[in-house]
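What follows is a single structure, written as structure tokens, with notes after it.
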Amino acid sequence: MPCCDPYPWIGLNVGRLSSFPLLKYPQVRRWLAPFIVACSLYFLLWIPEDQPSWVSALVKCQPILCLVLFLWAVAPGGSYTWLLQGALTCSAVGDACLIWPEAFFYGMAVFSVAHLLYLWAFGLSPLQPGLLLCTTLASLTYYSFLLLHLEPNMVLPVAAYGLILNTMLWRGLVLGRSAGWGAVLFIFSDGVLAWDTFVYTLPFARLVTMSTYYAAQLLLTLSALRSPGLKTH
């Protein structure tokens with residue numbers, strides 16, 4: 001009988017712990033449990049998007065807030081961890097804003113701050129301008145189609161957000177490992193959301209967007225544990 005996967009968001013089961021060494025630490029598994037439960041609650045409840053409320057906002061934000069708690073409990077201190085906590089907190093606020101269509105601009109602004117904090121954490125060394133050229137060409141190809149479908153008042157904010165997001169992707173890829181994969185999933189999630197919102201309604205768009213978004217935030221969070229020195233309790 002196949003083994004039940006207790007950590008579906010990172011593709012891990014108890015028979016494959018060696019594929020993600022960090023999960024060998026009991027405190028990592030213990031403090032990831034609230035995130036797994038919160039994600040499961042979001043997808044099980046699946047509150048309709050046309051019924052915005054503070055309850056739906058809380059359910060949507062809970063997994064991200066659990067990651068803030070995870071970093072506080074497990075990650076070593078330092079500017080990298082603090083910047084990630086700030087980025088996650090901004091992301092949770094952005095998630096809440098996006099529940100209400102009239103708060104879309106506020107949500108985009110707060111997510112821009114989150115990406116800037118991720119960018120600050122990742123740093124600018126080594127530079128690797130060739131990688132920046134590749135990500136920029138890919139982003140320009142996507143946004144050249146997307147911007148054609150936007151209202152005039154949306155063009156500048158979306159273009160600015162795309163620039164920040166592309167820069168975060170570049171630095172995440174330079175850092176590599178879970179930060180790189182997290183950045184890729186984040187830009188994929190945002191790309192699906194934007195296309196579904198502004199261009200063409202996609203099947204299962206919300207499921208794809210939210211599953212990749214939560215996975216992206218988890219991977220970005222785990223990048224804080226890339227160096228030894230987990231907290232002990």
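For all residues, glycine too, the Cβ spot is worked out from N, Cα and C.
Mean per-residue pLDDT, taken over the topological domain 'Cytoplasmic' (1-30), amounts to 56. For 1-30 (among others), the entry in Swiss-Prot reads topological domain 'Cytoplasmic', with the evidence type a curator's inference.
Listed as Cβ neighbours of the topological domain 'Extracellular' (48-53) (distance under 8 Å, sequence separation of 6 or more from its ends, same chain) are residues 99-101, 206. Among the features that Swiss-Prot reports, topological domain 'Extracellular' is placed at 48-53 (among others).
Summarising the annotation, Swiss-Prot assigns topological domain 'Cytoplasmic' to 76-81 (among others). In the topological domain 'Cytoplasmic' (76-81), the DSSP tally of helix, strand and coil residues is 3 helix, 0 strand, 3 coil.
Per Swiss-Prot, topological domain 'Extracellular' is recorded for 101-106 (among others), and the stated evidence type is a curator's inference.
Look at Swiss-Prot and you will find 125-130 (among others) tagged as topological domain 'Cytoplasmic', backed by a curator's inference. Listed by sequence, the residues of this chain that lie at least six past the ends of the topological domain 'Cytoplasmic' (125-130) yet keep a Cβ under 8 A from its Cβ atoms are 170, 174.
Residues 198-199 of the same chain lie 6 or more positions beyond the ends of the topological domain 'Extracellular' (148-153) yet place their CB under 8 Å from a CB of it. Positions annotated as topological domain 'Extracellular' by Swiss-Prot: 148-153 (among others).
For 171-178 (among others), the entry in Swiss-Prot reads topological domain 'Cytoplasmic'. DSSP states for the topological domain 'Cytoplasmic' (171-178), grouped as helix (H, G, I), strand (E, B) and coil, give 7 helix, 0 strand, 1 coil.
Residues or ranges marked as topological domain 'Extracellular' in Swiss-Prot: 196-206 (among others).
Marked as topological domain 'Cytoplasmic' by Swiss-Prot on the basis of a curator's inference: 226-233 (among others).
Sequence-distant neighbours of the transmembrane segment (31-47) (same chain, 6+ residues past either end, Cβ-Cβ under 8 Å): 6-9, 23, 53, 55-56, 59-60, 62-63, 65-67, 69-70, 73-74, 207, 210-211, 214, 218. According to Swiss-Prot, the transmembrane segment annotation covers 31-47 (among others), on the basis of sequence analysis.
Taken from Swiss-Prot, the feature transmembrane segment applies to 54-75 (among others).
Under the heading transmembrane segment, Swiss-Prot lists 82-100 (among others), citing sequence analysis as support.
Marked as transmembrane segment by Swiss-Prot: 107-124 (among others).
Under 8 Å from some Cβ of the transmembrane segment (131-147) lie the Cβ atoms of residues 155, 158-159, 162, 165-166, 169-170, 173-174, 187, 191, 194-195, 198-199, all in the same chain and six or more residues away from its ends. Residues or ranges marked as transmembrane segment by Swiss-Prot on the basis of sequence analysis: 131-147 (among others).
As annotated by Swiss-Prot, transmembrane segment applies to 154-170 (among others). Nonlocal intrachain contacts for the transmembrane segment (154-170), taken as residues 6+ away from its ends with a CB within less than 8 angstroms of a stretch CB, comprise 105, 108, 111-112, 115-116, 118-119, 122, 128, 131-132, 135-136, 139, 143, 146-147, 183-184, 186-187, 190, 194, 198.
For 179-195 (among others), the entry in Swiss-Prot reads transmembrane segment. Tertiary neighbourhood of the transmembrane segment (179-195): same-chain residues 118, 122, 139, 142, 146, 158, 165-166, 168-169, 171-173, 202, 205, 208-210, 212-213, 215-223, 226, selected by CB-CB distance under 8 Å and a gap of 6+ residues from either end.
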